[in-house]
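For reference, TrEMBL has these:
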ACT_SITE  Y101  active site
BINDING   D142, N144, D270, H271  Mg(2+) binding site
ACT_SITE  D142  active site, proton donor/acceptor
SITE      D213  site 'Important for catalytic activity'
SITE      H271  site 'Interaction with DNA substrate'
ACT_SITE  H271  active site, proton acceptor
DOMAIN    504-553  domain 'GRF-type'
Amino acid sequence: MAEGYESFFSCTRTSDKGRTGYAGVATFCRVKSAFSSSEVALPVAAEEGFTGLLRNGRKDENLASVAGGLEEFVKDDLLQVDGEGRCVITDHGHFVLFNIYGPRADSDDAERTEFKLKFFKILQRRWEYLLQQGKRVFVVGDLNIAPAAIDRCEAGPDFEKNEFRKWLRSMLVENGGPFFDIFRARHPDRKDAYTCWPSNTGAEQFNFGSRIDHILCAGSCLHEDCDPQGHNLIACHIKDCDILTTYKRWKPGNTPRWKGGWSTKLEGSDHAPVYVCLEGIVDVPQHDTPSISARYFPTIRGIQQTIVSVLMKRQVSEQVEGCKMSTSCLEEDVTISSCSRGTDRSFGNCGLSGSLSSKSCASSNQSAGSVNLEVHDQSRNFAAVGASDSAHGNQYSEVKKKAKKGQGFQLSLRSFFQRNLDSCNKDEKSNGNSSLNAVHIQKSDDQTNCNFAKDEDSRSLQQNDLDISASPLDQSSLGKGKNDVALLEWQRIQQVMQNSIPLCKGHREPCVSRVVKKAGPNFGRRFYTCPRAEGPASNPEANCGFFKWASSKSKQSK
């Protein structure tokens, strides 16, 4: 909720492939009053999704509620396209506003491509039905489609042959469709007008992006008594439309990425807003805000009062956590499982769930005698131990002590390379002196020597013998000298890593390393690319396109 606005939203309802919370849309309507208002900005009706099957935030299994024009589609397909929170509709009397987040589909992802085709096919039917009813339709949002080559940086020769681009162009007036692309109608020849830039390549710096966020409109103008010739929404009611590039995340004053700017946090979205100003829109009869307004959601109204609170951690959760730690067993909701008498009650088998009930506590008392519920402030874990199970209680105490001992056990970089002395003795008896790629560990009677082995080339580490005491390390006794040694170790490791990084051919600058995250034969492989931001090939300051695998496939498999 935002002060002075009525808000309507939809969010992901499916958990397929980890898409929970992935997508969502929200429409904020600035109004003076949410009740008995004649303002056009206040919707007379609102709808989550565009199939008619989502009613008041719930799935409606009754096919009779399917939106007009969609009767030919099966229910499962309708529920699927509305399951990812990609549309919210608000009816403003004079026009119906569709707030859309179009699906993204890579060319090699057949499943998502099919979903995207289905999504826009069903959406088109809904638009056509409303237009046949004499409604005016506005479509706003990220459609994830750049319609023409002018809307994409360095578009290739086959760019406009894409099926989704062909579909979007077929919906436009210039190709016989019902919709105006308002931005292109106002700025038909403007180039380099983009709304989205790849965030992982720093492409905003050189305006290397795409125009995929749109505002479309279809229908007649409001001048009913006028000759329709020369009258349309664009000519009669569109005052202005443009891209707010001032809200781009990267600003001209930012440090270039290849000069250390990667550490600069860019605030905001990787999309730029698009706006349209309407004029000549008269008031509508008095009405109240629709029932799916956010003000009627009990989880929002009275808890989240401002838009700022969405971006802040609630103190309520901290207070609840504190209450849980201070209340008694009978006051809390606690479930204790696998603790009955006659079973293994070791620490590993005594399961404690996060939500406990007093009923569960009572049953535990009946089966295992009295139950002591311990609260440990440091770990915030519950430990349930039977009155007659002192041995198991001691076992838990030992485990707890070991856990405490493990905290902060690695006190320095040197201790990371130190092996457990028992394992060293065992390894020496069986294999002699152990040899590692980076560290050679040699055990003597009173000390362990860690010798960094020489590499074959000039960039390798020089041999260095470090004396590490076999007794437990005490951080306070390391002293400044040993801290200097640890610093030297880090510097040498960093030097080896730095010397192994190739230089890009275009700028002779150290490359950045990346990892393939896309599923396929190269998944997980590391590669090097030019460190500069992505940009036009004609710009020598932009990324030079250098690419090199960090290692060959055969070496990686070894």
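Each residue, glycine too, has its Cβ placed from N, Cα and C.
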Q. By DSSP, what is the split of the domain 'GRF-type' (504-553) into helix, strand and coil residues?
A. 1 helix, 12 strand, 37 coil
Q.
Across the domain 'GRF-type' (504-553), what does the mean pLDDT come to, as a whole number?
A. 87
Q | Alpha-carbon spacing, D142 (Mg(2+) binding site) to D213 (site 'Important for catalytic activity'), which is rounded to whole Å | A | 4
Q. Which are the residues of the chain, D142, N144, D270, H271 excluded, whose CB is within 8 A of where the CB atoms of the Mg(2+) site average out, their centroid?
A. T195, C196, I212, D213, S269
Q) Other than its own, how many Cβ atoms are within 10 Å of the Cβ belonging to Y101 (active site)? A) 19
Q.
Please list, in sequence order, the residues in the chain of D270 (Mg(2+) binding site) that are at least six apart in sequence and whose C-beta is under 8 Å away from its C-beta.
A. C196, W197, P198, S199, E204, R249
Q: Ten-angstrom check, please: count other Cβ atoms within 10 Å of the Cβ of N144 (Mg(2+) binding site), all chains counted.
A: 17
Q: State the Cα to Cα distance, in Å, between D213 (site 'Important for catalytic activity') and N144 (Mg(2+) binding site), rounded to an integer.
A: 7
**Q.** Long-range Cβ environment of H271 (Mg(2+) binding site), under 8 Å and at least 6 residues apart
**A.** D142, T195, C196, D213
Q. What is the number of other Cβ atoms found within 10 Å of the Cβ of D142 (Mg(2+) binding site)?
A. 19
